[in-house]
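S.K.: I'd like to ask some things about the structure below.
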Amino acid sequence: MTLTPALFLDRDGVINIDKGYVHQAAECEFVEGIFDLVKRANSLGYQVIVVTNQAGIARGYYTEAQFLDFSAWMKSEFSRNQAHIDEIYFCPHHPVHGLGEYHIECDCRKPAPGMFLKAQAAFNIDMQASVMVGDNISDLEAAIAAGVGNLNLFISNSIDRAITEIEQMQAKELKIKTLTSLSEVKLPSI
């Protein structure tokens with residue numbers, strides 16, 4: 001069975017501007033360059049996989065059905081821009097602030113690698129050749145735990161938060177490239 005690499009993307013802060021618990025089209029503002037990045041990945045033969053923690057579901061701010069409706073809309077916006085997302089994996093849990101069935105420790109919430117491993121099994125992904133773009137260290141820790149070979153920290157927020165993320169990265173001696181534009185993402189040829 002042939003393995004193919006994937007471009008793994010976090011959602012809030014990488015695909016859309018993180019305004020806090022975005023779950024409606026009217027709230028969504030896409031990050032500059034995201035459609036071009038996904039088109040480039042598509043043209044190179046990468047699977048494009050979104051891996052996103054959705055604590056808003058756990059906290060009761062919106063439902064899984066609302067999230068799925070928003071995700072379908074988001075995928076259609078990518079299609080409208082000649083870009084294709086293969087799958088969106090999400091974690092609806094939170095170990096501290098989750099309500100009811102969502103108040104659990106799970107293997108899907110980043111920094112755990114569950115969403116990555118599920119994608120790997122479903123799409124026959126070559127993890128070492130794959131690329132992750134996230135805006136939090138937990139995104140990259142999950143990618144490392146899953147064996148993703150190319151790690152990118154996208155600095156899309158405040159300078160203070162960027163400094164904190166970089167300091168954490170250095171403290172953990174993680175080999176991660178920092179980006180200020182999605183056009184800086186390197187996608188190795190297949």
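Using the three backbone atoms N, Cα and C, a Cβ is placed for every residue, glycine included.
Unlike curated records, TrEMBL annotations are generated automatically.
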S.K.: For the Mg(2+) site that TrEMBL assigns to D10, D12, which of the candidates D126, D135 is also assigned?
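M.R.: Looking at D126, D135, the one TrEMBL places in the Mg(2+) site next to D10, D12 is D135.
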S.K.: Which state, by DSSP, holds C91 (Zn(2+) binding site): helix, strand or coil?
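M.R.: DSSP assigns C91 (Zn(2+) binding site) to strand.
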S.K.: For the recorded Zn(2+) site formed by C91, H93, C106, C108, which further same-chain residues have Cβ atoms within 8 Å of the site's Cβ center?
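M.R.: Neighbours found: N53, P92, I104, D107, R109, A112, G114.
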S.K.: What subset of the recorded positions T52, C91, H93, C106 lies within 10 angstroms of D10 (Mg(2+) binding site) at the C-alpha level?
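M.R.: Taking T52, C91, H93, C106 one by one, the ones whose Cα falls within 10 Å of D10 (Mg(2+) binding site) are T52.
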S.K.: Out of C91, C106, which of the binding-site residues has the smallest number of neighbouring Cβ atoms within 10 Å?
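M.R.: Across C91, C106, these binding-site residues, the one with fewest Cβ atoms within 10 Å is C106.
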S.K.: DSSP secondary structure for C108 (Zn(2+) binding site), reduced to helix/strand/coil, please.
M.R.: coil
S.K.: Taking only the Cα atoms, work out how far C108 (Zn(2+) binding site) lies from T52 (site 'Stabilizes the phosphoryl group'), in Å, as a whole number.
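M.R.: Given the Cα positions, C108 (Zn(2+) binding site) is 9 Å from T52 (site 'Stabilizes the phosphoryl group').
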